[in-house]
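Colleague: Copied straight from Swiss-Prot:
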BINDING   71, 76, 77, 78, 79, 134  ATP binding site
BINDING   134  (R)-lipoate binding site
DOMAIN    29-216  domain 'BPL/LPL catalytic'
């Protein structure tokens with residue numbers, strides 16, 4: 001029986017693909033070597049310890065229907081579209097070695113006619129007239145008996161969109177998470193015009209087979225039916241949940257301030273695990289009572305636009321004469337925390 005396993009996803013759903021990856025990683029025998037090939041439609045993927053409100057322009061993402069996906073490995077935030085080819089290599093210990101998987105990807109690129117080299121801890125770069133340009137970034141995860149290396153190859157990504165979603169608004173965040181480092185990047189199509197995703201996958205597959213001296217049939221993972229993987233439904237539910245993608249953010253503080261016709265407002269939030277643990281309101285409004293009441297209502301509230309808006313509007317019952325002010329406040333808060 002072959003020690004290799006090759007899986008190719010037909011899904012462009014980042015939560016689906018990351019759930020497949022997680023299930024395979026948890027249940028694979030320690031003697032198996034796995035290659036999983038996949039790609040995502042418009043998504044910002046953040047590292048396990050990152051704060052999405054700090055790393056991403058979450059409001060712009062919502063407007064453009066760009067998903068947020070938190071992965072189980074560390075590292076920084078990246079934008080995925082269908083111009084990215086994603087790969088995951090898995091192996092048991094002590095065999096797991098990220099230099100092996102890196103060399104497999106480099107061999108695949110070489111077979112396609114691209115000379116690339118490893119740079120730093122997790123990048124692959126090509127030399128151009130303008131200097132080194134990144135074409136691949138990776139992240140890693142290890143447990144006591146296994147490890148994986150996953151990454152992306154920039155094939156024909158819309159690089160102009162990176163700044164749309166990875167340059168956050170200038171929010172006053174005092175975050176305890178990790179800030180991403182932006183790199184100078186280029187697409188492989190600059191070197192190999194017109195090369196399709198399927199050809200890149202084939203090159204990686206052949207390099208994988210060549211390294212291990214074995215071949216195996218590909219397993220196609222389809223979104224049309226639930227994959228036959230242990231605990232897939234539960235893993236997908238977690239991967240796609242707000243609690244995982246947003247709620248796992250490191251603790252942070254957020255200061256919002258705005259001036260309205262009826263007075264200035266400052267809101268100070270401390271947020272842990274996606275919940276407001278402390279809310280303070282400061283205002284020079286002539287009628288501060290509804291704002292003082294709001295501070296109490298927001299304690300323990302999910303740090304989510306719709307929930308904050310709901311708490312604002314609930315105050316209309318107790319403060320009907322301040323309806324105009326409360327509705328203005330509600331609209332502003334909902335926009336500011338996205």
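Glycine residues also receive a Cβ, built from the backbone N, Cα and C atoms like all the rest.
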Colleague: Across all the protein chains here, work out how many other Cβ atoms are within 10 Å of the Cβ of residue 134 (ATP binding site).
Modeller: 18
Colleague: So what's the mean pLDDT when you look at the domain 'BPL/LPL catalytic' (29-216)?
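Modeller: Here the predicted model's pLDDT, averaged over the domain 'BPL/LPL catalytic' (29-216), is 88.
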Colleague: Using a Cβ cut-off under 8 Å and a sequence separation of 6 or more, which residues in the same chain sit near residue 78 (ATP binding site)?
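Modeller: The list for residue 78 (ATP binding site) reads 44, 45, 137, 152, 166, given in order along the sequence.
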Colleague: Provide the number of Cβ atoms within 10 Å of the Cβ of residue 76 (ATP binding site), excluding the reference atom itself.
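Modeller: Total other Cβ atoms inside 10 Å, all chains included: 19.
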Colleague: Widest Cα span across the ATP binders 71, 76, 77, 78, 79, 134, in Å?
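Modeller: Maximum Cα-Cα distance: 21 Å.
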Colleague: Translate the DSSP assignment of residue 79 (ATP binding site) into the three-state scheme.
Modeller: strand
